[in-house]
Structure formats: C-alpha cells, structure tokens
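Report on the structure given below.
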Amino acid sequence: MAAKQVLFSDEARAKMLDGVNTLANAVKVTLGPKGRNVVLDKAYGAPTITKDGVSVAKEIELEDKFENMGAQIVKEVASKTADVAGDGTTTATVLAQALLTEGLKAVAAGMNPMDLKRGIDKAAAKLVEELKVLSKPCSDTKSIEQVGTISANSDSTVGKLIAEAMAKVGKEGVITVEEGKGFEDELDVVEGMQFDRGYLSPYFATNQENMTTDLESPYILLVDKKISNIRELLPVLEGVSKSGKALLIIAEDVESEALATLVVNNMRGVVKVCAVKAPGFGDRRKAMLEDIAILTGATVISEDLGMKLEEANMEHLGTASRVQVSKDDTTIIDGAGNKDAIVNRVNQLKANVAEATSDYDKEKLQERLAKLSGGVAVIRVGAVTEAEMKEKKDRVDDALHATRAAVEEGIVAGGGVALIRAQKALDGLVGDNDDQNHGIALLKKAIEAPLRQIVSNAGGESSVVVNEVKAKEGNYGYNAANDTYGDMVEMGILDPTKVTRSALQHAASIAGLMITTEAMVAEIKEDAPAMPMGGMGGMPGMM
C-alpha cells in the first residue's frame, strides 16, 4: 500500500478551497447572457468550445491531490444539479464557492463548524419553502418559450423550437436533440415510442462518445420469456445476417451465455445486434410488448400462445426506420406497423383509461397511450462548423431540460432575482446559538452571488446592481443582456423553480460538508525514476 500524506484543519481547508476556486473560476465565467466561452482541449480532434458549466467542470482535474479533492467535490454539485434539473450547474457552483469562502473564514475565526452547518441547513430549508411560494405555474407556450430562450443563453430560436416541440408531442412526450445536416435548426415530429430499458451490455454501443446504440432500419424481435440458449435464436440470427440489417431483441432477459455470444457476434460484425429487457413487469410487460408489436408490425413470441422461439422466422419480426438505445432507455422511431391497428390500439387504451378505477392504473395506461400516440419530436441543430454544432447542441440540451423542469415545478423570476427575493424569509429565522445564526447569515449573503456574477460577466459593478434590486420588490431585477432594470417576468427572463431549488440545495449540502472537514488524506506522489542512459555505440571494426 502506498504511503499517504495527511493534512489537518486550516491547512487542509485552505488547499481544498484553492481547488474549489480553480474549478469555480473556470465555470462561473459562463454565467448569464454575457457569459464567456471556455475552450476545452480534447485528446482527439478539435477543441470543444462551450458555455455549459457542467461540461467545463467535468474536464477539470488538478495536479495537486488535495486541491483536486476540493475541485472534485464541487464538480459533484454541478453534476448532481444537472442530473436532477438538467440546468443550473453554474449557479450551483457559484453558490457553493461563495458559501465555502465565507464559511471557512468563520471556521478560521474560531466558530464551531457543526453549528455553522446546522445554520446553513436551516436557512436552505427555509429558502426552498419561500421559492415554492414565489413559484408560478408554467403551462402556456409563451412561458415555455421564454424559459427555453434564457436557458439557451438568450437564443430565441431555440426557445421557439422547444415550445413548438412540446406543443406537438405534449409536455410528457419524448423530445430528442440531434446534429442537423444544414445551417438552420429544424423540428421533426416522427411517430415513435420510448421505454425505460437500456442495452444489456455496453459492448452493444455503436457511438462511443455518448455510449448509445444507433440502429438504422433494424428488424425487431419480441420475446415474452428469458433467452437462455443461443441455439433458440439461430434461425432468426441467420436470416437477419443474410439481409445485412441490424436486429433489436426485446426479451424478458438474456442470460449470460446467450448474451456473450450476441456481444461477440456484434463486435466481429457477423450481425449487428442489440438486446434490451422488455419494459414493465408481469401483465403490464405483456401489454407493453403487444404495444411495441402493433407499432412495429412484429409478432410477440409467447409460450402462452403456443409459440417457441426456435420456430420464429423473419415473418415474425417487426421493423422501424431507426432505433436508438442508451444505457437507460430505448426509442423506436417510425415503426412499420399497420396504421389502422395502431389507431384501434390507441382507442382501446383510451377506453381502458376511462374505465380504470385506481390512479396508478390510470397513470400507467396514460403513459402507454402517450408513447403510442404522441410520437417523438426531433430537434435538429444547424451550424456552420463542427465546433459551433457541439456548443449549440449542448445549449439546446440544457434548454430542453430547463423547460421540462419549468413545466414540472413552475417558474420564478430569473437573473438571480428569485434568490434575492427569498432572502426576506430568513429575516425572522433564529438558530439555537450565535454560530448557527452566523451560518444563516452566511447563506443569506451567499445567495446574492449568482446575481453578482451575472453583473460582473456583463462588465457592471455588482454591488450597485445588487443594492438597486434589493431596494425594490416583486420581480424587479437587472437585465444584463441590455443593461436595464425592470420586471423580469415581463421581459421574459425566467428560471425554472426546480433548477434554482436544486442549485441551492446541492450547494448548501456540499458546502456544509466541506466546512466540517478537519483532515484530508491522499497518496504521496512518487517521482518516476529517471531512465538509465542508453549504451554507447560500438566502434567500427578496424582493419
């Protein structure tokens, strides 16, 4: 076991803060309408240019192990916020940095770290309650468009596309983002279905960058049982191999031996194949397999109907124009099923929804209905260069997540104003002792940081703007895009409540943990021994 170095108290916390500052300073330049780009070096190909906070955070690894620990912990804030809300990563990082900087000063001054943490936790809970009070529902197309525009760094075209996509497939519908062929952004709505089961092995992935499997015009085999023996699949595999097309297998499960054989055949290029588990459980699984069968024109191979897998042939397979499989879900686009059969199935599901007695059954039936009838909206991002394409695709992804979050939990005034307005909820909040009160005051001050950073990135004087905004009430705030003050909601500057709430909760949680850190342990870096000198060349032979 390698020797370890241990740092204690102020020395440990100072190192940790250095790492946090390095990461946060790189991330926070992207915040707001006048945020700047960050260029990320890649091992292969051109550098990536981005304004996406979490993309910047993910790239940062520091040489000093103690500083790197601090950076990695704050990276977790950005990643967790992105996972939960899909946006707000930069806001979360800025909040965590502000809290930690002031919190460590308080610890150095002799305050009790645990009481500071308890004060921060109390204040965070109160602020979350206040954000819910300030939140307004986001249901109309105009609000959805405004949220999308702000999250895409004030790109109104993106906001319009997302609002249009949601209008076409419904707020629960599936919307995907792809790279387009031309310079213009496009919206395509295609019949499709998505379910929450991913590939059974990562070796099926065809796109190594985002670990997805893309199958063009594949055959689709539906099996209502476990596949344990590869021999059962041979007739189908041989037929598909001769056709030169790909095969998607949807089964209850594929056991290890059969799965290993499929993976090997796939990697050798014998037959392009991907296996996924069937969605749902029990009777619901059978019903969902039947839905997929109707959508794709397949026949479910079911022993209940007296069918055996080894008797299956090409006639039992369905087709679709495209299938995309990730580690978490599968999307079948433009299935080749009979249109009349699909309409009949949709009508049958509508009747079942009307007859359902339990809320749970009703909800599950409505999900199936949306998947069969809603289709999939595809936003194709256009750009002049590949670097611009990647940057824009990241922004559209962010905006899409933000609009979904807005529909889910509502919206608040953007531009850091909601957090400033929530400050008043902390006025009457008192902790159990002075150190807890200081923790409450820390968070009260730290939540001004996002607005201060937006102003700084726009080249303004942050203290002047913060005091001006605090002097007024309601949605009054600062529009950094054109250096004006006014009603943020009327100006269309909105943030999803879920994004602001998640950023605040994750930042407070991580900052509390880091403030209460007393020791850090890391391996001692050993310098690699110098290479020995090469031997000298021999003398040429003499006559």
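Note: Cβ is positioned from N, Cα and C throughout, glycine not excepted.
Note that the structure is predicted; figures quoted are calculated from it, not measured.
If you look up Swiss-Prot, you'll see 30-33, K51, 87-91, G415, 479-481, D495 marked as ATP binding site, on the strength of sequence analysis. In the three-state DSSP reading, D495 (ATP binding site) counts as strand. In this view, D495 (ATP binding site) is surrounded by 30 other Cβ atoms within 10 Å of its Cβ, with every protein chain counted.
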Check each residue in the chain of A480 (ATP binding site) that is at least six apart in sequence and keep those whose C-beta is under 8 Å from its C-beta; list them in sequence order.
G32, P33, K34, G415, I454, V455, N457, A458, G460
Using a 10 Å radius around each Cβ and counting other Cβ atoms from all shown chains, which of the binding-site residues T30, T90 yields the largest count?
T90
For a quick check of understanding: among the binding-site residues G32, G88, G415, which residue's Cβ has the most other Cβ atoms within 10 Å?
G88
